[in-house]
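See structure below.
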Amino acid sequence: MLTRDKDKLEYDLNILESKQHQTMIDPLERRAVATIRDPKGRTTYVAIVDLIKKSIESFTEFNKVQPSLTFDEMIEADDALRSSEALLAAFAKRNIQMDKVVFYPFASGYRDEQDAASKRRIFRPYAAVRKWPEDNYYAHHIDGLVITVDLDSFTVDVEDHLVIPVAPKSGNYDPEGITSPDNIPYFPDGVRKDLKPLIITQPEGPSFQIDGYQISWQKWRFRVGYNVREGLTINMVEYFDQNRWRSIFYRAAVSEMWVPYADGSPAHNYKNAFDVGEAGMGLLANSLVLGCDCLGEIRYMDAVVNNNQGQALLLKNAICIHEEDTGLLWKHTEFVEQRTQCRRARRLVVSTMLTVGNYEYGLFWYFMQDGTIQFEVKLTGIIAPGAIENGKTPVSGGMIAEGLYGPHHQHFFNMRIDWILDGVKNSLVEVNCEPIPKGSDNPAGNAWIAKETILETAGEAHRLHDATKGRFWKVINSQVKNHVDQPVAYKIVPSSPACYPLCDLDSGQGGRSAFARYHLWATQYHPEEFYAAGLFSNQAKGDEDGIAFYCQKHKDDSLVNCDLVTWYTFGINHIVRAEDWPVMPVETVGFRLQPVGFFAGSPAMDVPPPIAKICTAEACAHH
């Protein structure tokens with residue numbers, strides 16, 4: 001177990017979810033994988049433990065990898081940073097006192113072979129000035145330095161490239177801070193005083209039921225999981241249709257998240273983060289607060305993970321479950337007869353909120369009454385800024401305050417979905433909208449088709465979105481036909497424009513992020529393949545693990561009627577604007593899973609009409 005004694009071991013423990021395709025009540029194997037690092041020997045071990053038999057299934061040694069960074073290392077690194085003679089000299093050159101400095105961690109990236117995981121274990125923190133205990137120190141970034149900490153020897157290396165003045169203005173965001181004339185932005189009258197209460201109530205309670213970690217709502221049921229690395233997982237999703245439970249997918253989780261920055265200056269050009277593999281998202285969950293993170297008739301779930309000593313750690317209120325009214329579900333009016341049928345839409349929300357350094361990520365799963373499943377990431381928090389000399393304009397960033405800018409960057413997420421769509425034998429189909437050439441089959445020139453192509457092998461199943469063709473992908477079960485003799489299916493639909501890496505693909509950033517080069521990958525299920533950037537993405541060069549490696553390794557594997565796994569990459573370009581400061585308003589990115597011939601007609605037809613009595617004329621019909 002890891003304390004701050006380098007002779008001890010550190011642990012990262014995840015529960016493995018054994019894949020057995022029977023029913024939700026069948027007993028499952030229970031296994032855990034423990035990642036263990038020996039700092040003294042600079043060696044990593046991975047143990048797989050059978051929790052039922054209480055035996056070790058395997059114990060594998062790795063000598064050229066680095067597991068995730070740990071809180072314990074950050075604590076000890078802070079001591080080393082504050083006693084570094086090189087840093088004391090660098091700060092003295094800038095007239096900065098060490099007791100005003102805050103170090104905030106950032107992974108090392110991969111600049112060159114000196115950063116190789118086989119050579120050393122490192123991270124590269126940034127530094128800022130905090131003027132008082134509650135001050136937003138990101139507003140006073142100390143630029144021009146590249147600080148490298150060796151996490152085995154706790155030695156500090158400093159590259160001092162350029163002295164740039166620390167930005168003078170504050171960037172505080174609490175109700176008191178925004179009233180200071182020194183603040184950007186400045187609100188002399190404080191917070192708004194004209195907002196009246198908006199109260200959401202469900203007098204009869206929520207419509208969902210929770211049994212342990214199984215959630216049932218309307219015609220949905222599924223299980224919630226949680227682990228150190230991925231955080232929230234959604235498991236064994238089923239829909240009750242025509243008096244039977246029908247399976248959709250077995251497991252879904254964010255397998256990796258990558259944030260590459262666009263600033264080309266020496267103090268920033270290595271900056272890119274793999275927040276799943278380098279940090280471990282599961283440890284970073286907020287304890288959610290009623291009325292802020294979630295609103296309405298709320299139920300919470302705690303999550304249990306382990307700390308780096310291998311001890312159990314309770315994350316209170318890590319998961320929020322509630323219902324939301326989302327407006328119109330469907331409506332039609334017959335004008336001649338003046339008849340109208342209308343339904344309100346409600347959805348079930350399962351969410352968690354993560355703080356990953358300066359950024360916040362809300363991971364939201366939505367289950368709809370029309371059979372749609374949606375995943376959405378809500379991005380907020382504080383951008384990681386840079387300092388700039390007065391009169392200069394950043395090349396790859398946006399100015400946010402005097403002497404302060406935000407580097408442009410991108411956010412990529414990869415969702416791994418293990419499908420069991422009406423059974424375990426599924427296939428993947430690409431759909432492109434194409435015009436029919438004008439001629440005898442299309443005399444008016446208006447006709448077009450939705451052309452379907454089966455992606456037959458893992459070697460060809462790496463695909464890009466094409467908006468000009470309205471491209472999407474369907475997971476089908478060709479062995480189960482619907483009421484019009486078509487294979488049942490669900491399609492993957494983006495909720496936001498497609499995003500593509502803008503870094504050089506042969507650079508340090510591009511080489512280790514191959515999963516982001518395509519929007520969709522697919523493989524057969526393999527029990528050891530869970531992470532799009534590989535098992536050990538920290539300090540990885542990126543050419544020996546991850547989804548691109550898996551697809552090449554299994555390139556001849558058939559994807560027709562197989563145990564199918566899709567790896568869907570989606571993202572967003574963040575072109576920084578002044579309005580993103582000091583805390584950026586929420587941006588959203590994600591995708592939807594929509595039924596295509598899975599049901600006989602719309603499954604939302606049996607949603608009851610709205611109850612008029614809950615909305616009185618006095619309350620709802622002012623003219």
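Quick reminder: no glycine exception, Cβ is built from N, Cα and C everywhere.
In TrEMBL, annotation is done automatically, which means it is predicted and not curated.
Positions annotated as domain 'Copper amine oxidase N3-terminal' by TrEMBL: 67-156.
Taken from TrEMBL, the feature domain 'Copper amine oxidase catalytic' covers 199-605. Within the model, the domain 'Copper amine oxidase catalytic' (199-605) shows a mean pLDDT value of 96, rounded to a whole number.
Note on Asp275 (active site, proton acceptor): other Cβ atoms within 10 Å of its Cβ, all shown chains, come to 25. Annotation source TrEMBL lists active site, proton acceptor at Asp275.
DSSP assigns Tyr359 (2',4',5'-topaquinone) to a strand. The Cβ of Tyr359 (2',4',5'-topaquinone) lies under 8 Å from the Cβ of Val259, Leu379, Thr380, Gly381, Ile382, Ala384, each of which sits 6+ residues away along the same chain. For Tyr359, the entry in TrEMBL reads 2',4',5'-topaquinone.
The annotation active site, schiff-base intermediate with substrate is assigned in TrEMBL to Tyr359.
Per-class residue totals from DSSP over the domain 'Copper amine oxidase N3-terminal' (67-156), listed helix then strand then coil: 31 helix, 20 strand, 39 coil.
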